[in-house]
């Protein structure tokens, strides 16, 4: 104990001599936490930096996940590869649906909702729900229009389900595929073009179709003016999502090409809505000749059916 006390006093004497030689020197206690320099602290707290890191990810976070072995991609023929496309919860899906129904001006849908975790769960079920909604609403609309006519006999048209499914799923997959290929081609010619992945484009198109589900239900109302007001309103909402998402990707391209690209996107989107309304709800009535029924007095009676 005596030796230990003598050693401690010797250390204190050395520290006192150092302080006497250099009064401006500072000492660090083991118990005191090391403070972060102000410039480094301000760099970590830059405005908008945390939001960008959360939405887009950073190189440091990607390296950390790679070192931890958390970002191993499975082969495409395995179930685990496709399972990642459906790895979303209910709150994420609802948040993306809300973002597609209430677009915010100046906000990119991919940047805000999709890029952190693009999925196929929402687009798949939105398209499936829209298929059955259009088919069922179209049959009900036809039934209510002809209700009360003695010559009308209701026959459900199940072929409308297959027609609606072919149209909607072809639009939700083929149009994003063509747009993705076009953006990749233009990206090789213009360096400033923003590139989206095929999965992100499919996700945007899938969620943009959600507004047509309640619209198709309201199309049952047998008033053409109401139907066309609804289709214009739905086009404005869903079309604005597409414009605010894809315009930043092509605005640095040639002006004519950029405008033509956006016009094509909106035209195809409008053709889908107008085509569904015209075919499933406003289809013209066809007069089909009914079989000739002979009367008892020798004359013939021809009935007219729709």
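Glycine too: its Cβ is placed from the backbone N, Cα and C atoms.
What TrEMBL says about a protein is an automatic prediction, not a curated fact.
Positions annotated as compositional bias 'Acidic residues' by TrEMBL: 49-59.
The domain 'Yip1' annotation in TrEMBL covers 101-273.
TrEMBL lists 36-59 with the feature region 'Disordered'.
The transmembrane segment annotation in TrEMBL covers 120-141 (among others).
Feature annotation from TrEMBL assigns transmembrane segment to 161-185 (among others).
Per TrEMBL, the feature transmembrane segment maps to 197-222 (among others).
What TrEMBL records for 228-250 (among others) is transmembrane segment.
For 257-281 (among others), the entry in TrEMBL reads transmembrane segment.
Across the domain 'Yip1' (101-273), the prediction's mean pLDDT works out to 89. Take the transmembrane segment (257-281) and the stretches 120-141, 161-185, 228-250: counting Cβ pairs under 8 Å, 228-250 has the most. With a threshold of 8 Å between CB atoms, the same-chain residues lying at least 6 positions outside the transmembrane segment (228-250) that come near it are 99-101, 103, 105-110, 179, 183, 186, 193-196, 204-205, 207-209, 211-212, 215, 218-219, 257-258, 261-262, 265-266, 269-270, 273-274, 277.
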